[in-house]
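Worksheet for the structure shown next.
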Number of protein chains: 2
Amino acid sequence: MFTGLSAFPLTPMNETAIDEAAFVRIIERLADAKVHSIGALGSTGSYMYLTREERKRVAQLAVENANGVPVMVGIGALRTRDVLHYAEDAQQSGVSAVLLAPVSYQPLTEREVFSLYETVARSLTVPLCIYDNPRVTHFNFSDRLIGEIAQLPQVGGIKIPPVSSDPAEARARVDKLRSLVPSHVKIGISGDFAAAAGLNAGCDTWYSVLGGLFPKTCLPIIHAAQTGDTAEIVRLSDRLEPVWDLFRQHGGLRVIAAAAELLGCAPSPNLPQPIQPLDEAARQQLDDILQQLELNA
Amino acid sequence: MFTGLSAFPLTPMNETAIDEAAFVRIIERLADAKVHSIGALGSTGSYMYLTREERKRVAQLAVENANGVPVMVGIGALRTRDVLHYAEDAQQSGVSAVLLAPVSYQPLTEREVFSLYETVARSLTVPLCIYDNPRVTHFNFSDRLIGEIAQLPQVGGIKIPPVSSDPAEARARVDKLRSLVPSHVKIGISGDFAAAAGLNAGCDTWYSVLGGLFPKTCLPIIHAAQTGDTAEIVRLSDRLEPVWDLFRQHGGLRVIAAAAELLGCAPSPNLPQPIQPLDEAARQQLDDILQQLELNA
């Protein structure tokens, strides 16, 4: 479950409802490309902006249209009560795993975050992936806490934030994590611009925003990782630098939402307000980049 | 509406429901003390952890039991769609104002935050208070943006984060804000430990966590502000330093939740999980402080 390319699709929507047809089209792209797993309702899937019913429907649509590719869904919420509901719904929808971030409004203590994972893990029959993303959760895991949570029986993976672009530092970080978690717990990189660094440092998984819309562009990077071709990983990632640059400037979500429009996969706008689409200049820049990189299909 | 002591009550709850009787008891304390306004469903009222129905019920209970004291409620949410629902419900409940923070999961741009306020202000008939609290929203307002939002017709107040403890710096900050906003927009301080600094720098309002449970302790500070007795403001606030110190260590919410228990105003626990009550040592420390300061009634 927690190895290879885990593709994180957009959930296209308007202010009234999910665009189910557009979502299914995106899932079908991922199933056709045979990604290793689909991470529906991730940050790119705007899970935090959806109601319980909407999340349930998205999980069902993902599972039904994944053509056997394992589906993981995000179950994070500010309140433990809601996380437990989302976990139950996700399991009933037939997902293969759940992804849990310690989302916060009031800053959380380590004791509180541990208790969240402990309570939720106890309620699960499918594996859980720890979602470490301080950019959106505003919670910083200590190494000690990651080690403790990773011992919980249900934990199968951890999704980590970008590692250093310095290979020695990146390797040291991943090695350090390996020493903290049980050997069956897989380590995956997120933050697409850091994927090459993470994979070359020994990560098992790439949790990918770009892969959620352009799986055929991202799979060769994973294949290079599987054969240990570190130079090829770097070459393929460097080629995508103009995309990574836009991700850094505008956030991956706004860029991938615009790319989905440009590809005809989703209507415009498709993000939950107050989040707004890219402005016209950035959208034009993206369009040019997609054409130059031959990503426009 | 936006002057004097604005008392922010706790919303006692368990994992199933709001403790309505306990909430009404707390509102009655505030009404009896004749605070200048009640800020129900603030951060201290755990608004972000409640369902639409729960928020609606809390707003109704606050208005019904405030004995004529104006009630403001928090309407913040990650999604504009939900903010509009909460605004509508709040107005139907008879509130006198609403409080809106740019709560975020995906980091928001200035353009997005302006559009949120513009959309919501257009839907309102009651005044709106801008809630600037980067500790929980993770959005940092620029001065330019505050100035632009404050021009919106419905805006009547702004709730600012702690000012500097240096009187000249605090005064410069409040003067600067005054120069940015129309003259009818009131400026209020939050972060109780900075209240004295804020009031002495010319703030019109104290948005108070402590005042939400101990109004009679906080009103004399406002009265001193109203007569311009800066030394008395400092003396009264300095006396409460042991409380402010606990607020800094554990967050005002966890401390006030424990104080409500110690006073017999709320059951234990009363916060939404994953937020946990103070541990036994901190709770004992708080109990000692309440007795020493004669706040134990």
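Backbone N, Cα and C define each Cβ position, glycine as well.
There are 27 other Cβ atoms within 10 Å of the Cβ belonging to A:THR44 (pyruvate binding site). DSSP gives A:THR44 (pyruvate binding site) a coil state; it is part of no helix or strand. Per TrEMBL, the feature pyruvate binding site maps to A:THR44.
Within the same chain, residues at least 6 positions away in sequence whose Cβ sits under 8 Å from that of A:TYR131 (active site, proton donor/acceptor) are A:GLY74, A:GLY76, A:LEU99, A:LEU100, A:ALA101, A:THR137, A:LYS159. The active site, proton donor/acceptor annotation in TrEMBL covers A:TYR131.
Sequence annotations record features per position, and here TrEMBL assigns active site, schiff-base intermediate with substrate to A:LYS159.
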